[in-house]
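Before any comments, here is the structure.
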2 protein chains.
Amino acid sequence: MLGQIIVYRLPWTWKCSKLLMKSIHAGLHAVAAILAIISLVAVFDFHNAKNIPNMYSLHSWVGLTVVILYILQLLLGVFIFLLPWAPLSLRALVMPIHVYSGLLIFGTVIATVLMGVTEKLFFALTSSGYSTSPPEGVFTNTLGLLIVVFGALIFWIVTRPQWQRPKEPNSIFLQPNGGAQEGVEGSAINFSNVDKSDSELNNEVAARKRNFIVDEAGQRSTM
Amino acid sequence: MLGQIIVYRLPWTWKCSKLLMKSIHAGLHAVAAILAIISLVAVFDFHNAKNIPNMYSLHSWVGLTVVILYILQLLLGVFIFLLPWAPLSLRALVMPIHVYSGLLIFGTVIATVLMGVTEKLFFALTSSGYSTSPPEGVFTNTLGLLIVVFGALIFWIVTRPQWQRPKEPNSIFLQPNGGAQEGVEGSAINFSNVDKSDSELNNEVAARKRNFIVDEAGQRSTM
């Protein structure tokens, strides 16, 4: 989920079109969702083959919930933001929920992984004794700590304004102050960049209106 | 940590002074930090009395790390934001880190609790068989899910602009547009409210300057 969440925050992608970046964001998430489903099937198959009951642990409850939410988030995202049919008012309404859900799902996946690692350590290190801190235990605990650090890093990148995808350059003409606001936003130290997509949405509204006018003039829409 | 994080987001507290709310925020965190230290001492005492090794599990590693970070966050918060000595430039620099760390620590505490619950279930339900989904297992898993829901709710409240503490009313006189910006911010659907405190800081800068002038005029400072 690393690439998908921070895909809009790589400065070298800011030259790419919004539609391309949206497609990459959705595409990477789709690949991750397919891998998650394959993993779940593998887990259930393994349990059934070994006569281990399914879905009894907290790890499994939280994990299955978050995978279902992840697939829902993906489908809603594709239908509302990627495909061109959703009205812009709906996009504006759903965008903050989409951003919130994305980060919540990401955080919950980290928690699920940590519970899974905890479970696995207690299962696997019964003979060597997890409580005697064997090398495998220390190694895997370190891995667990690194997963937390990884989550913290992604969360930091996503909430920094410096790594925010700049507004579409052609949209500044429609801003009352001719885009001067851009610099102010860039220097502000706040979390508003997380929902940068809101202003992007406004730009899309503006761009659609503009393109509509351009279309009217007989030119081909760039949307 | 419920009360401390959302304390600025209760509309009935918006009439209270910023200093009072800061003190409540810091005071509740201090109580929580003391309780956390007492709990840690109890855990180590229990382990030592029962000859259980300390600090071998991922839960304990992440848990101790987060308690240390929590105490650091509290001390830095008191010295930089509560006590009046820190220069405003330092406050402005540290505020986004303070907000980020606070939410990160909150999320990591949730993850630590979930790992702790997982551990405890595997320890406690060995005889009754956690894998056969006994009532205790289902009950505690449900509790675990509710902890995730609780975390999601707090995270939602903290990132909604509607529950954002309004700027100090007297500071609007210093805004170039006489505070009209307030309404715009309030209606914007974004995450900027998380770092509302930044604009509060600017207001403090403004308020200090204003009070300085008032002091000059021989009146008593209200700061």
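Here the Cβ of each residue, glycine as well, is placed from N, Cα and C on the backbone.
What TrEMBL records for A:1-159 is domain 'Cytochrome b561'. Annotation comment: TrEMBL describes A:24-44, A:64-85, A:97-118, A:138-158 as transmembrane segment.
Over the domain 'Cytochrome b561' (A:1-159) the predicted model carries a mean pLDDT of 94.
Same-chain neighbours of the transmembrane segment (A:24-44): 1, 3-4, 7-8, 54, 64, 67, 70-71, 74, 77-78, 81-82, counting only residues six or more beyond its ends whose CB sits under 8 Å from a CB of the stretch. For the transmembrane segment (A:64-85), the list of distant contacts is 22-23, 26, 29-30, 32-33, 36-37, 40, 55, 91, 94-95, 98, 101-102, 105, 108-109, 112, 223: same-chain residues at least six beyond its ends, Cβ to Cβ under 8 Å.
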